[in-house]
Amino acid sequence: MHRRITGKLVIATHNPGKLAEMRELLAPHGVEAVSAGDLGLGEPDETGTDFRSNAAIKAIAAAQATKLPAFADDSGIVVDALDGAPGIYSARWAGPAKDFNAAMAQIERLLQERGATTPDRRTAHFVSALCVAWPDDHLEEVEARVDGTLVWPPRGTAGFGYDPMFLPDGHTRTFGEMESIEKHGLPPLGLGLSHRARAFVKLAEICLEPR
Ligand code: IMP
């Protein structure tokens, strides 16, 4: 049985951008989002071997510490020709300076080394795993992806991370060339295109009161 989120929800992130995005998405459903940062919670080590388990580790730690339902996400980019790298290490590839130009250049270097120069050899997808954990150990988990190809040189200055290199299937502009509403926006305003938007739609279906 799926469980609905009502009342207060802890957002287990220290990233202000993610918190703002979640608050906006949850407000119409009558859910009040409080952040792990505001509650002074630490960040657990992400020791999982996939996106889903890392999201669960973060949500469970916050639910146990606060005795409230807690939400966490984990995401990254999976490059087929690189055997799935950087995957769950997507943030780490940018190093402590969070240099995503360097991380994208690293991906390109490895693709060139493997002779992946045509679009059919340069396929990739973004993954978003979402987890809500309750203090009694109940979990709700969803995962979604968006498929595309990697372009070089990177295009556009919008978004973050690997966006300028990622051309979603069926589109002519990279995520770096799209407004946030086009990339992440949910219908009726947006297309619900990104991995995060798609995962959120799934979570809303099972865990949120209809608006
Ligand atoms: P985390 O989910 O906070 O662990 O971060 C995962 C990393 O994946 C981010 O730092 C980005 O590098 C990358 N990533 C996840 N989602 C996106 C996206 O929508 N666009 C670009 N990069 C992303």
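Numbering starts at 1 and runs along the chain as it is shown here.
Glycine is no exception: its Cβ is also placed from the backbone N, Cα and C atoms.
Bear in mind that TrEMBL entries carry predicted annotations, made automatically and left uncurated.
The active site, proton acceptor feature in TrEMBL is assigned to Asp74. If you look up TrEMBL, you'll see Thr13, His14, Asn15, Pro16, Gly17, Lys18, Ser75, Phe160, Gly161, Tyr162, Asp163, Lys183, His195, Arg196 marked as substrate binding site. The annotation Mg(2+) binding site is assigned in TrEMBL to Asp45, Asp74.
The structure, with features from TrEMBL marked on it.
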residue : record                       : DSSP class
Thr13   : substrate binding site       : coil
Asp45   : Mg(2+) binding site          : coil
Asp74   : active site, proton acceptor : strand
Gly161  : substrate binding site       : coil
His195  : substrate binding site       : helix
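For ligand 1, there are no nearby binding-site residues; that is, of Thr13, Gly17, Asp45, none has a C-beta under 6 Å from one of its atoms. Between the CA atoms of Asn15 (substrate binding site) and the residue listed as 'active site, proton acceptor' there is a gap of 12 Å. For the recorded positions listed here (Asp45, Asp74, Asp163), the lowest count of other CB atoms within 10 A around the CB belongs to Asp45.
Comparing Asp45 (Mg(2+) binding site) with the residue listed as 'active site, proton acceptor', their Cα atoms are 13 Å apart once rounded. Rounded to a whole number, the C-alpha distance linking His195 (substrate binding site) with Asp74 (active site, proton acceptor) is 11 angstrom. If you take the C-beta of Gly161 (substrate binding site) and look for same-chain residues 6 or more apart in sequence within under 8 angstroms, you find Ile77, Ser90, Ala91, Ala94, Phe100, Ala103.
The highest number of surrounding Cβ atoms within 10 Å, among the binding-site residues Thr13, Asn15, Ser75, is found at Ser75. The Cβ of Gly17 (substrate binding site) has 9 other Cβ atoms within 10 Å, all protein chains considered. All protein chains included, His195 (substrate binding site) registers 24 other Cβ atoms within 10 Å of its own Cβ.
Between the C-alpha atoms of Thr13 (substrate binding site) and Asp74 (active site, proton acceptor), the distance comes to 10 Å. Pairwise Cα distances among Thr13, His14, Asn15, Pro16, Gly17, Lys18, Ser75, Phe160, Gly161, Tyr162, Asp163, Lys183, His195, Arg196, which the record gives as the binders of substrate, peak at 22 Å.
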